[in-house]
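Novice: When I checked Swiss-Prot for this same protein, it listed these features:
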TRANSMEM  21-41  transmembrane segment
CARBOHYD  N44  N-linked glycosylation site
TRANSMEM  47-67  transmembrane segment
TRANSMEM  89-109  transmembrane segment
TRANSMEM  123-142  transmembrane segment
CARBOHYD  N144  N-linked glycosylation site
Amino acid sequence: MSSKISSSRCCTLFCHVNTRIALTILDILIGFSNILSYAIQFHNWSALTLTAMVTLVACHTLQMFLAEKKNTITHWKYSTFKWIMWIDITLGFLALGCFVVCFIIAGVTEIEFTNLYGENLWFTGLWATAITKYTWQNALLARNYSNQKRILKSEIVEDA
């Protein structure tokens, strides 16, 4: 019985919007520090590019979480959610393809994972998975809110 209570509290903690906001802010800060380290120290331009993209997508995620917390996301248009969903799904699949291609090229050309300086496609591929995570998370959030908008819209039409 107590394990069910503790697991539900744990889920409540990690699913709470404040926790998601804090983790997203932490990811944005990690992204900025990695952008600087890839540019200044390691000169890994492909990983730098994808890190910058992840940071931008994380900023968009933060915007959605803050709108959810302030309950202003309910004022967004249905079409906005559809655009967010389809753009993020497309970007997620492109990033997933980038991940696969980077890992195949890194494996075939025998790039060492431990070699941090210069181009290292292992790191580029890892950042592509982060893009996939954030874009699909945004797409699911947009889909949930678009479904709620559609249900509310149909209830308003039925009442009229």
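Each residue, glycine too, has its Cβ placed from N, Cα and C.
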Novice: Using a Cβ cut-off of under 8 Å, list the residues of the same chain at least 6 residues beyond the transmembrane segment (21-41) that approach it.
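Specialist: For the transmembrane segment (21-41), the nonlocal Cβ contacts are 47-48, 51-52, 54-55, 58-59, 61-62, 65-66, 69, 117, 130.
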Novice: Which residues of the chain, 6 or more past the ends of the transmembrane segment (47-67), have a CB below 8 A from one of its CBs?
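Specialist: Same-chain residues near the transmembrane segment (47-67) but 6 or more away: 17, 20-21, 24-25, 27-28, 31-32, 34-35, 38-39, 73, 76, 84, 91, 95, 98, 120, 123-124, 127-128, 130-131, 134-135, 137-138, 141-142.
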Novice: Going by a 10 angstroms cut-off between Cβ atoms, which of the glycosylation sites N44, N144 has the sparsest surroundings?
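Specialist: The glycosylation sites N44, N144 were compared, and N144 has the fewest Cβ atoms within 10 Å.
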Novice: Could you tell me which three-state DSSP class N144 (N-linked glycosylation site) falls into?
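Specialist: Once the DSSP labels are grouped into three classes, N144 (N-linked glycosylation site) ends up as helix.
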Novice: What does DSSP call N44 (N-linked glycosylation site) in the simple three-state scheme?
Specialist: coil
